[in-house]
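**Student:** Structure below; questions to follow.
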Amino acid sequence: MTPDASSNPRATVERQHSSISRSPRYEDNYREDDEDLTLARTRSLEPAVVESIAIPLRLEDSNEVKPDVVTNETPVETTKKWPARQRYLVLLCSFIASLSFGVTQVPLLYVFRLMTCDAYYKQHSAPPAIAYVLDGSVLLTFWSRGVPVSPRMTKDDRCSIHPIESSTALSISLLGASTTVFGLINLFLAGALIKRIGVKSTLLVQLFFPALRLLVQNVGVEVWGSTGIIIIQCSQVLTVVGGPSGYLLCLNSFMTEIVEYEGRTAALGRLTGSLMFGSAVGFLLGGVVAETFGIRAPFRLTLVLFMLSCVYVALCLPYIAPSRGSVKDSSSTGGKWRRLLTQFLSPLAVFAPRKYISRDGSIRNEYGAFLLAWGVFLGILATGYLPTLLQLYATDVFSFGTKQNGWLIFTYSMLRGVFLTFAFPKLIAVGRRWTSRREEETRRTVENAERQPLLQNTDPAGERPDANVKHKQDAFTFDLTYTRFSLVADGLLTLLCTFVHKDWQMYLVAAILPFAAGTGSAAKGTILQMVGSSASSAERTDALAGVSLVENMARLSTTFVFGVVFAGFASIGRPELVFTCNAAVAIVGFGVLLFAHFPPMDSRRLDEAEEVT
């Protein structure tokens, strides 16, 4: 005789949970955006695992299993609605941090020039004292340890010769290359730390170790000469633990946590604008401080600013717990080291080609994310070294000192920040509305046409996400369009630098170039769309880390390639030709992005277990 099923509590629970998982209420909840409900973020867990976690906990209190129990007992991350003031706190943090990083940028180039000059004349005969007119008075410049007493550098000073200019460019390129290499490692480490200890604690680490690096650089500036250059270059090893790559990833991750899905592209643009504001003020402040208080003063000031940044983060930013689903048990298959390696390299998988199945059942490979990565790489390769090139060119050709270079980069960064903060979000909004209207007209010709967002799986019942969410995401394809055309605009405007022949034209170029900004922010918005609205915190961190990884690899390449190219052109007296090379690479990047696109409408990504070979 078969026992009554009602006498078996486990069977009763299984039937109840089965009915719940198929109910419309469950499906609606599952398909909501990640900013509203947490159950949509349990995609990384198998349904059986979710049931085994949620149901037994409820049996202790009642024999009835409700949908809310499944939803509330299995969150992967918090669904807290963050107030608007929190994003302003993050923007202020980005301003302070970028200000701290920016103060030494202009003086560092200048101090390398002076150190190189000092090292050069220790092996070569020094010229006599130079007399020149400044503000109607004749001043004599005498040399002590290779540092001019005069507050200004002129075309006639002893450091304005090709061997010193070329050696300075190579030293700066080596410094930038080492910083970028260590920054790549720092990027992976920061991503792993965010998943393990949270974004706030990781941000503190990323700001504390640069303070230690500045402490070492202060020693190098005091030692001076070729030894000082070596000390400063060796200090970059601290970037492995904390540096610009890590703190930028933390700030971007912070912003995606506290801003809703639809507003992330604009918010990331404002974040970049805030970073530009801080950098602009830092560049100007560093140049003014160097001329007023001496070349060593900016390095001491920056050390203090980094410590203040750490205090601000500790006291003002909210704590966001790491995603519980992002760190797996150490006893998982492959062992601890394999698990750590997988987490460390997870950003690399973001741009891997994916297989999609269309509505008619055909399967095709999509390379949109892969081509986006190459487009971003070429864009940064073309323009990433531009702020440094502008300073080097202005110093070598027009004898700009720290104050002039400070104003030059202040103009460039400030206008870039204004554009990204105010104009970029408006352009994205207008472009999305225009794209939405066009796609709506196309959609009317195909009944019930819906588009599956990139890199987003279906729900457990095999249904597609909510159509309203999908229609909103259709308009986000404008992010990719903006990425393309901002890149070609960047290249064409950079070409203008080739025709600069007077010092005031440098400021004109610095004022025009920022109006092609937004390539990086639009690319981040595009890759977040590819991840999907229901992505977990760890998945968004990997996506942002993937874009940052591509950017850093491009900066490593551009620092070395165009540093060497500039040194070569400077040695023959034609440094302006480097900007022509920059423009050519940007146009090639635009060509690559023309082939990047989203999968066809109604296509869905195949899960790894369902891929058809």
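A Cβ is built for glycine as well, from the same backbone N, Cα and C atoms used for every other residue.
Here TrEMBL flags 1-10 as compositional bias 'Polar residues'. TrEMBL lists 439-450 with the feature compositional bias 'Basic and acidic residues'. Annotated region 'Disordered' per TrEMBL: 1-34, 439-467, in sequence order. For 88-109, 129-147, 168-191, 223-247, 267-289, 301-320, 369-387, 407-428, 507-532, 553-571, 577-596, the entry in TrEMBL reads transmembrane segment.
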**Student:** For the transmembrane segment (168-191) and the transmembrane segment (553-571), decide whether they are in contact, meaning at least 3 CB pairs lie under 8 A, counting pairs 6 or more apart in sequence.
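**Tutor:** Yes, the transmembrane segment (168-191) contacts the transmembrane segment (553-571).
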**Student:** Please determine whether the transmembrane segment (553-571) and the transmembrane segment (88-109) are in contact (criterion: at least three Cβ-Cβ distances under 8 Å, sequence separation 6 or more).
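**Tutor:** Counting Cβ pairs under 8 Å, fewer than 3, so no.
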**Student:** With pairs restricted to those 6 or more apart in sequence, evaluate whether the transmembrane segment (88-109) and the transmembrane segment (507-532) have 3+ C-beta pairs under 8 Å.
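**Tutor:** Per Cβ check, the transmembrane segment (88-109) does not touch the transmembrane segment (507-532).
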**Student:** Among 301-320, 369-387, 407-428, 507-532, 577-596, which stretch has the most Cβ pairs under 8 Å to the transmembrane segment (267-289)?
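**Tutor:** Out of the listed stretches, 407-428 contacts the transmembrane segment (267-289) most.
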